[in-house]
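*Asks:* Below is the structure I would like to discuss, written out as structure tokens.
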Amino acid sequence: MGDMEVTVKEEARAEIKIWNYVLGYAKIAVVKCAIELGIADTIENYGSPMPLSELATALQCEPLRLHRIMRFMVHDRIFKQEHINHHTVGFSSTPLSRLLIKRGEKSMAALILFVSSPTWLAPWHSLSARVLETGNNISPFEVANGKDLWSYAEVNPDFRELFNNAMGCDARLTVQATIEGCPEVFDGVESLVDVGGGNGTALSLLVKAFPWIRGINFDLPHVVAVSAKSDSIENVGGDMFMSIPNADAAFFMWVLHDWDDEECIKILKKCREAIPEDKGKVIIVEAVLEEDKECDELGAVGLMLDMTMMAITNKGKERTLKEWSYVLRQSGFTRFNVKPIRAVQSVIEAYP
Ligand SMILES: C[S@@+](CC[C@H](N)C(=O)[O-])C[C@H]1O[C@@H](n2cnc3c(N)ncnc32)[C@H](O)[C@@H]1O
């Protein structure tokens with residue numbers, strides 16, 4: 001292929017790519033619309049390819065507008081379109097559409113409703129200001145919403161519910177993957193403190209799968225005040241920078257990425273004080289970024305997560321294996337192993 005031909009192809013690709021940036025917001029808007037209308041739920045419950053007319057009647061939608069939404073989603077392979085007879089086509093579920101069912105076993109709906117909320121989207125407008133400034137003083141989330149994420153959630157119950165539901169929906173899938181992918185991590189663990197455990201979803205699944213574990217759900221006082229109560233789990237309110245309740249092992253899921261290295265080291269040193277010297281350990285469920293290189297689609301998801309940390313938190317970031325190793329060693333954890341369990345998440349098991 002001549003140089004000229006390569007340039008023409010690259011330019012054509014660039015033009016398509018730029019239009020994807022110009023209109024990329026449409027994808028999340030359509031998926032949000034589909035969740036709010038309950039499209040995936042209705043098509044799944046129908047049980048066979050569902051004609052547009054029946055879908056429109058069931059959802060009480062204007063058929064021509066619904067048709068345009070469905071055309072978009074069929075094109076994006078969220079639903080399949082199949083012939084029912086010579087004249088009629090119907091829509092069927094796919095593994096992707098099942099992730100949008102509101103109460104589905106593998107639902108990601110709450111997470112999508114959360115990240116598409118105006119409060120979560122607003123900070124992205126000041127990402128460039130964030131890159132220009134040198135300090136770590138105020139996050140784009142705070143610039144846009146007047147408070148940092150945790151303080152905002154404390155005084156805005158609707159946002160807090162959206163946030164907790166989103167975390168809970170991800171926790172169900174990630175914990176299931178952890179239980180299936182590396183159950184041996186919980187062998188011999190008699191007590192487990194979930195640090196930043198939120199509404200307790202993760203811990204309740206862990207104690208159900210490993211009934212010998214006594215669980216402590218530890219989070220900020222206003223969070224545990226509304227966490228689920230159960231016989232095998234004690235809810236404890238506090239600040240992980242001050243002290244962490246004693247247990248055989250400390251569990252962190254999507255917590256340490258909210259903080260910079262110095263803060264993570266402070267938290268992990270508090271963990272060292274909370275766990276036994278001999279058999280204690282920490283179990284961290286987080287993304288492990290690929291080292292600097294051209295990454296695939298999965299690696300790109302990790303980088304999007306890293307951008308999210310920059311837009312939302314004060315100092316948070318995603319880490320490569322080298323960066324995790326630094327944070328762990330500085331906190332007194334000298335041995336560790338890593339196991340990927342699900343799309344972007346890995347389990348890091350670390351010992352003093
Ligand atoms: C991203 S959420 C993760 C929740 C849960 N681990 C999950 O994955 O579903 C981070 C959690 O850290 C908690 N948190 C923030 N600052 C904290 C602190 N100083 N002490 C204890 N928990 C804190 C938040 O309230 C929140 O529940």
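Cβ atoms are placed via backbone N, Cα and C, with glycine included.
Computed from a predicted structure; not experimentally measured.
Reproduced below are the annotations present in TrEMBL:
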type: DOMAIN; residues: 19-102; note: domain 'O-methyltransferase dimerisation'
type: DOMAIN; residues: 124-333; note: domain 'O-methyltransferase C-terminal'
type: ACT_SITE; residues: His257; note: active site, proton acceptor
*Asks:* Return the count of C-beta atoms lying within 10 angstroms of the C-beta of the residue listed as 'active site, proton acceptor', excluding that atom itself.
*Replies:* 19
*Asks:* Take every residue in the domain 'O-methyltransferase C-terminal' (124-333), average their pLDDT values, and give the whole-number result.
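*Replies:* The predicted confidence over the domain 'O-methyltransferase C-terminal' (124-333), as a mean pLDDT, is 92.
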*Asks:* What are the DSSP helix/strand/coil residue counts across the domain 'O-methyltransferase dimerisation' (19-102)?
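*Replies:* Once the DSSP states are binned, the domain 'O-methyltransferase dimerisation' (19-102) shows 51 helix, 10 strand, 23 coil.
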